[in-house]
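Chemist: What TrEMBL records for this protein is below:
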DOMAIN    22-474  domain 'Major facilitator superfamily (MFS) profile'
TRANSMEM  20-47  transmembrane segment
TRANSMEM  59-79  transmembrane segment
TRANSMEM  88-107  transmembrane segment
TRANSMEM  113-134  transmembrane segment
TRANSMEM  146-167  transmembrane segment
TRANSMEM  173-191  transmembrane segment
TRANSMEM  287-306  transmembrane segment
TRANSMEM  337-354  transmembrane segment
TRANSMEM  361-379  transmembrane segment
TRANSMEM  385-408  transmembrane segment
TRANSMEM  420-443  transmembrane segment
TRANSMEM  449-471  transmembrane segment
Amino acid sequence: METYTTDDALTTMGFGRFQALVLVYAGIGWVAESMELMLLSFLGPFIREEWNLSPQNESMISSVVFAGMLLGACSWGFVSDKYGRRTGLLLSTIFTSGMGFLSALSPNYLCLVALRFLVGVGVGGSHVFTSWFLEFVPAKNRGTCMIVLSLFWTLGTILEASLAWVVLPVLNWRWLLAFTAIPCFLLLPFFGLTPESPRYLCVQNRMSDATDVLERMASANQSALPPGVLTYHRETNVDHDTLASESECLLPVRAKDCTIDNAKSSEYDSLAALRTLLSHNLLRSTLLLWLVFFSNSFAYYGIVLLTSQLSDANKSCASGVIFGLHQKDTNIYKDTFITSLAEIPGLLLSAVLVDWFGRKASMWSMMFACCAFLGPLVFHENELLTTILLFGARACAMGSFTILCLYAPEVYPSYVRSTGAGIATAIGRVGGVVCPVVAVAMLRGCNQMGALVVFEVVLCFAAVACMFFPVETKGRGMD
């Protein structure tokens, strides 16, 4: 009897209307996350003025969001691997939108910090959108599709900068919090239309359900499934040291179809998944991914914060005036809006590089380029040059981060893919927790050189780590 795998089916059907709808849904999820994170560029100074906060307490508002994302990234990854991608998407979306609206009603600083932490927990599930979407995409289209998905992130940053520009001078920060939560809420009415990942269904030995999803996909794309019966080959015995040929499978598999017992599929609880990620075969990839996610998150979110803090720091340190952001000062909104636009050329550049040079070379080259743009900012520069350099740095940081988010799900097998990508994302959130201490606290201490040197060192370590990734995933199947 003829058989085919999920990769065979996706390759035969190609990218079509079905995947485009999945892309839009996942993209709105990315818009929601990017808006919640860009919000941090504007929120702190206004709350500091209203409640007379110290710089440390102001930085805490950003740090607790990333701390929540650290917890959420691990939790939602496990939920989506254990109970389904759709379950992870639904719960994280409800959590993010609900806590986002409630935080706009915070009566005091402690309540706001607690609610923003919970928003971070919800936003930590955004990587599930990535894994879910990529599991519907043929191997040859993954690089391009990830770039297109990342355009939604950029759209979110531009929307938030525009929203802050309009709302804050007229209303106040509470309205900005409420408006920022709307995109996440818009996902809920359409949840019933979202399909479960056929790869996840195969891992759970639900072959008939997986076939139904693939048939719906074939019908929407006006194509046909390969002849035969759907089977699933469980990924095992990965040895990255022996992966040299570009034509080899991403993760070598043993010829074993979906007659696997349900008990076998369900044994991957959180501890078992972690043991798999730290097994001999995946240890090197896992540890390097953790390092690069930490460094890239530290750099990207640090650059976002630098956009709103660097000019203010230069003026305040030169004049001795106490730091402050007043509602009539629109330069910060203009600078943030301009540097947000930098993500578009960054994505276009990564789209060219990712399938030309491969994942690894694209990442380390863009990280070194980011270092080059940040270098001159070690010294005080005029406002125009500062904006130009931050524009280039953010373009490179966004490009490398996008490719990293593509690379991580490609490395891991289906049964730990979301958990693996989730833990790596969670490690990245640690970088997000730490970066306000550098980008805000050191700048407020008039130590611009020290802050920028830290960014340079972190990016160089990440770039070198990318060179040592054991496998290039360009063109490889996900099963």
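Placement of Cβ uses the backbone N, Cα and C atoms for every residue, glycine included.
TrEMBL labels come from automatic prediction, so no person has curated them.
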Chemist: Which residues of the chain, 6 or more past the ends of the transmembrane segment (146-167), have a CB below 8 A from one of its CBs?
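Modeler: The answer is 23, 26-28, 30-35, 38-39, 41-42, 130, 133-134, 175-176, 179-180, 183, 304, 330, 333-334, 336-337, 340-341, 343-344, 347-348, 350-351, 354, 398, 402-403, 405-406.
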Chemist: Who are the long-range neighbours of the transmembrane segment (88-107) in its own chain, taking Cβ under 8 Å and residues 6 or more past its ends?
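Modeler: Result: 29, 32, 36, 72, 76-77, 79-80, 115-116, 118-119, 121-126, 128-129, 132, 174-175, 177-178, 180-181, 184-185, 187-188, 191, 194, 418.
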Chemist: Report, as numbers and ranges, which residues of the same chain sit near the transmembrane segment (337-354): CB under 8 Å and 6 or more residues beyond its ends.
Modeler: 38, 143-144, 146-147, 150-151, 153-154, 157-158, 160-162, 165, 303, 307, 361-362, 365-366, 387, 390-392, 394-400, 402-403, 406, 474
Chemist: Sort out for me which stretch, of 59-79, 113-134, 287-306, 385-408, 420-443, has the most Cβ pairs below 8 angstroms to the transmembrane segment (20-47).
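Modeler: By Cβ pairs under 8 Å, 113-134 leads among 59-79, 113-134, 287-306, 385-408, 420-443.
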Chemist: Could you tell me what the rest of the chain brings near the transmembrane segment (449-471), counting residues at least six beyond its ends with Cβ under 8 Å?
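Modeler: Beyond its ends, the transmembrane segment (449-471) has Cβ neighbours at 240-241, 243, 250, 284-285, 288, 291-292, 295-296, 298-299, 302-303, 359-360, 363-364, 367-368, 370-371, 374-375, 377-379, 407, 411, 431, 438-439, 442-443.
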Chemist: With a Cβ cut-off under 8 Å, give me the same-chain residues at least six positions beyond the ends of the transmembrane segment (173-191) that come close to it.
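Modeler: For the transmembrane segment (173-191), the far contacts come to 25, 28-29, 31-32, 35-36, 39, 42-43, 46-47, 50, 86, 89-90, 93-94, 96-97, 100-101, 103-106, 122, 156, 160, 163-164, 167.
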Chemist: When you check the transmembrane segment (59-79) against the transmembrane segment (420-443), do you get at least 3 Cβ pairs under 8 Å, counting only pairs 6 or more apart in sequence?
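Modeler: Since 3 or more Cβ pairs under 8 Å link them, the transmembrane segment (59-79) and the transmembrane segment (420-443) do come into contact.
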Chemist: Name the range, of those listed as 287-306, 361-379, 385-408, that has the largest tally of Cβ pairs under 8 Å with the transmembrane segment (420-443).
Modeler: 287-306
Chemist: Any chance the transmembrane segment (361-379) and the transmembrane segment (385-408) are in contact, meaning at least three CB pairs closer than 8 A with a sequence separation of 6+?
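Modeler: Between the transmembrane segment (361-379) and the transmembrane segment (385-408), contact is present.
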Chemist: Given the model, what does the mean pLDDT over the domain 'Major facilitator superfamily (MFS) profile' (22-474) come out as?
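Modeler: Mean pLDDT, the domain 'Major facilitator superfamily (MFS) profile' (22-474): 79.
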Chemist: State the non-local partners of the transmembrane segment (385-408) in its own chain: residues 6+ outside its ends, Cβ under 8 Å from one of its Cβ atoms.
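Modeler: For the transmembrane segment (385-408), the nonlocal Cβ contacts are 127, 130, 134, 142-143, 146-147, 150, 153-154, 289, 292-293, 296-297, 299-300, 303-304, 306-307, 310-311, 314, 335, 338-343, 345-347, 349-350, 353-354, 359-360, 362-363, 366-367, 369-370, 373-374, 376-377, 420-421, 424-425, 469, 473.
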